[in-house]
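S.K.: I'd like to ask some things about the structure below.
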Amino acid sequence: MEFLPLFHNLRGSRVLVVGGGEIALRKSRLIADAGAVLRVVAPEIEAQLSELVVQSGGEMILRGYSESDLDGCVLIIAATDDEPLNAQVSHDARLRCVPVNVVDAPALCTVIFPAIVDRSPLVIAVSSGGDAPVLARLIRAKLETWIPSTYGQLAGLAARFRNQVKGLFPNVQQRRAFWEDVFQGAIADRQLAGQGAEAERLLIAKIAGEPPPETGEVYLVGAGPGDPDLLTFRALRLMQQADVVLYDRLVAPTILDLCRRDAERVYVGKRRAEHAVPQEQINQQLVALAKQGKRVVRLKGGDPFIFGRGGEEIEELAVHGIPFQVVPGITAASGCAAYAGIPLTHRDHAQSVRFITGHLKDGTTDLPWSDLVAPAQTLVFYMGLIGLPVICEELIRHGRSADTPAALVQQGTTVNQRVFTGTLANLPQLVAEHEVHAPTLVIIGEVVKLREKLAWFEGAQATV
């Protein structure tokens with residue numbers, strides 16, 4: 001190990017930065033974030049750096065570097081493009097035994113800056129010893145995606161009760177076991193879900209020796225329209241810690257594969273007019289599994305609150321006092337339209353958009369057709385394939401032009417995506433000609449014309 005990682009408390013201490021340009025600004029921001037007082041020396045100092053110095057309560061010296069500039073400083077940074085000057089700053093700092101960093105010159109440094117993941121008070125540093133800084137930044141980027149921002153709040157919660165726990169458990173091993181249980185259980189789950197008050201209540205109860213609640217938790221997770229890359233970080237994290245996963249027909253296998261490998265998987269998919277599992281039974285199943293102390297992911301295609309019946313499921317959970325979280329997903333309308341190259345709103349074509357269920361009941365749909373034919377709006381029909389002839393006929397009958405552009409997006413956002421464009425008049429015919437099947441989204445409006453020049457994603461087939 002060439003460099004020993006250490007964390008320095010610079011709050012209120014003076015740090016010298018030699019240089020007044022972009023590189024100096026970048027380093028100074030990091031130093032100022034740590035609460036240091038900046039002393040910047042350079043013949044010219046750019047405006048943003050000047051503002052930063054003032055905010056830190058520091059000083060600007062508008063001249064060339066002098067050895068006396070090191071007086072009273074606990075850290076020195078050379079951030080110029082003048083190599084001889086950088087070498088001189090390094091030499092002077094070493095003589096005084098003051099830590100020095102020279103940007104992009106590891107041989108002149110006694111300290112180096114790592115790539116930092118800041119979840120204060122939790123801070124993670126990644127360093128290559130100056131040999132491969134780009135690699136260190138890439139690793140940091142991966143860590144940023146894996147570690148939720150709420151981990152800082154979790155660390156803060158632990159800090160507030162650290163002394164109390166230390167008094168309760170004088171033995172180091174006992175304290176370690178206590179905190180490991182906290183960070184891997186319901187308390188951490190509540191804090192990471194943004195339920196800080198509940199997390200603190202559970203921690204206080206645990207310190208008091210109260211038995212932990214036996215009830216598990218339900219995570220209502222939106223899986224998005226199909227592309228696994230469109231999952232949120234939180235969705236992925238909860239999927240990987242679930243004991244049981246209840247999933248729908250619209251959840252792609254590639255997304256299901258991202259769940260914890262040993263999790264029990266229960267299919268509760270639905271098709272039109274045929275429910276594999278009745279909704280009431282799904283609700284009861286969620287309650288029963290949570291009461292067994294299990295962490296349950298209810299995985300739904302798209303967004304659980306947009307034609308996903310998620311509201312009904314969490315209502316049942318609330319009645320039984322089951323803790324739950326809701327993780328939004330990218331709904332099919334926005335995901336499929338984006339991948340089809342169809343903006344749902346556009347200044348020249350549509351100032352509003354409506355999401356509508358296209359399910360038929362007794363051969364018709366009970367919709368406000370007069371409102372749906374208003375100009376300058378986009379209509380997006382979910383589950384509208386079976387009822388498409390009725391939808392097109394009613395829109396035309398109520399005044400929408402038969403030449404209105406329209407599109408069918410089948411299996412949008414996936415490698416099997418197919419897009420067919422036409423008009424209200426011939427859209428049902430396109431379904432028959434191209435054997436279009438569910439899941440398919442219907443988009444109606446002038447914005448569909450933009451697909452001709454905005455299409456970017458190549459699926460299995462695209463017909464214009």
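Going from the start of the chain as shown, residues are counted 1 onward.
Cβ coordinates are placed from backbone N, Cα and C, and glycine is handled just like the others.
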S.K.: What does Swiss-Prot list, out of M60, M383, as binding the same S-adenosyl-L-methionine as P225, G301, G302, D303, I306, T331, A332, G412?
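M.R.: For S-adenosyl-L-methionine, Swiss-Prot names P225, G301, G302, D303, I306, T331, A332, G412; of M60, M383, the listed one is M383.
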S.K.: Compute the centroid of the Cβ atoms of P225, G301, G302, D303, I306, T331, A332, M383, G412, then list the same-chain residues not in that set whose Cβ lies within 8 Å of it, in sequence order, for the S-adenosyl-L-methionine site.
M.R.: G224, L250, F307, G308, G329, I330, A333, G335, C336, Y382, L441
S.K.: Measure from the CA atom of I23 (NAD(+) binding site) to the CA atom of I306 (S-adenosyl-L-methionine binding site) and give the result in Å, rounded to a whole number.
M.R.: 47
S.K.: Roughly how many Å lie between the Cα atoms of G302 (S-adenosyl-L-methionine binding site) and S128 (phosphoserine), rounded to a whole value?
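M.R.: Spelling it out, the Cα of G302 (S-adenosyl-L-methionine binding site) and the Cα of S128 (phosphoserine) are 40 Å apart.
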S.K.: Which of the recorded positions S128, P225, D248, A332, G412 has its Cα nearest to the Cα of I23 (NAD(+) binding site)?
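M.R.: When the Cα distances are compared, S128 comes out closest.
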S.K.: DSSP three-state call for D248 (active site, proton acceptor): helix, strand or coil?
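M.R.: Assignment for D248 (active site, proton acceptor) reads coil.
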S.K.: Which one is closest to E22 (NAD(+) binding site) in space, judged by CA to CA distance, out of the recorded positions S128, P225, D248, G412?
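M.R.: For E22 (NAD(+) binding site), the spatially nearest of the recorded positions is S128.
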S.K.: Around the NAD(+) site formed by E22, I23, P43, E44, which additional residues qualify by having Cβ within 8 Å of the site's Cβ center?
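M.R.: Leaving out the recorded residues gives G19, G20, G21, A24, A42, I45, E46, L49, A79, T80.
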S.K.: Taking the residues the record says bind S-adenosyl-L-methionine (P225, G301, G302, D303, I306, T331, A332, M383, G412), how far apart in Å are the two Cα atoms that sit farthest from each other?
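M.R.: Maximum Cα-Cα distance: 17 Å.
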